[in-house]
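The active site, nucleophile annotation in TrEMBL covers 331. Per TrEMBL, active site is recorded for 331. For 209, 238, 259, 304, the entry in TrEMBL reads S-adenosyl-L-methionine binding site.
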Ligand SMILES: C[S@@+](CC[C@H](N)C(=O)[O-])C[C@H]1O[C@@H](n2cnc3c(N)ncnc32)[C@H](O)[C@@H]1O
């Protein structure tokens, strides 16, 4: 197991670039992005948005490994990550307290080789705006739920930031992080977050951006670009809990947000209701089927697909829809570049790199496209 020189701690698999200076990390990402997009001759390269280097992540995913001393939260190689400086001190403190509490309860971590033990993962998420946290236990079966429930009062006494606590059942013997069944052990079912004054909700199974400071800047930039073109009708595809749509709202602007996960749509609707925004409509649909059935034409479309990108079918449909502007937010510049090739009737007006994932090779890119 290697050690990272930056933080003098164990090196997690995802932080492969931690030994590079931050300026070097940014240059490598920027060079890759230029290499992928230069053939589309972007007009305006914007200055990259940088991140804090410590305490920037709001979500910790810990493997629960059984050891002779008790459960260890961290990597599967019995390496603890509860002091990992990617999480702020309050998250580190709660991770310590959860690990200690699990040991006191005698909960056994899941042994992958022997296929024994119950607890597979511990997932902790923090709302940056109010410091409250959501804790999820990923279990192999329902077997130890009563024991966890029995000890919960004590855990919350030690870590009162924990407002949402759930169990996720993942019976399959595979490296899948979570299963379909989610059981709430707390009354509260979601955390409230606030970006640029806009309320957003974090639910167990809805996607939420993991670097709140950079995500705030990403949404603000998209809303500034949208304000420059002032579309009357805007679509936000792959909208999650509505971050882009809610930031781009303006009087008289009709906005439709499309997202496959119903819980995320419920959150987006609640945020809009809280802001008394009646011009936004959120629908839980597959973006492709929305594409196939929608007869309307928007003036602008924002897309923010998962790492796989939009793919051929959606790009074809977007070409047919022929909105005057597209904003593409991507966490994978390789699939972005492929999609841009398929969106041949658009030219790139602006590109900006948002360093959402420092110490890794990953980054977010925002691209502003205009019909040629
Ligand atoms: C990268 S996330 C972006 C979410 C949101 N824009 C944000 O900023 O939080 C991609 C989202 O696409 C959703 N998604 C995945 N496949 C989809 C599909 N076929 N149709 C609609 N949404 C989908 C996921 O549930 C996830 O919320």
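Positions of Cβ are set from backbone N, Cα and C atoms, glycine also.
Taking the features listed in TrEMBL, we show where each one sits on the structure.
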| residue | record | DSSP class |
| --- | --- | --- |
| 209 | S-adenosyl-L-methionine binding site | coil |
| 238 | S-adenosyl-L-methionine binding site | coil |
| 259 | S-adenosyl-L-methionine binding site | strand |
| 304 | S-adenosyl-L-methionine binding site | coil |
| 331 | active site, nucleophile | coil |
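Long-range Cβ proximity for residue 304 (S-adenosyl-L-methionine binding site), meaning a same-chain Cβ under 8 A and a gap of 6 or more residues, is found for 236, 237, 238, 239, 240, 244, 328, 329, 330. Within 10 Å of its Cβ, the residue among the binding-site residues 209, 238, 259 with the fewest other Cβ atoms is 238. Straight-line distance linking the Cα atoms of residue 209 (S-adenosyl-L-methionine binding site) and the residue listed as 'active site, nucleophile', rounded to a whole number, equals 11 Å.
The two recorded residues, residue 331 (active site, nucleophile) and residue 259 (S-adenosyl-L-methionine binding site), have Cα atoms 17 Å apart. Within 10 Å of the C-beta of residue 331 (active site, nucleophile) we count 19 further C-beta atoms, all protein chains included. Within 8 Å of the centroid of the Cβ atoms of 209, 238, 259, 304, where the record puts S-adenosyl-L-methionine, the same chain has further Cβ atoms from 207, 236, 239, 240, 243, 244, 305, 329.
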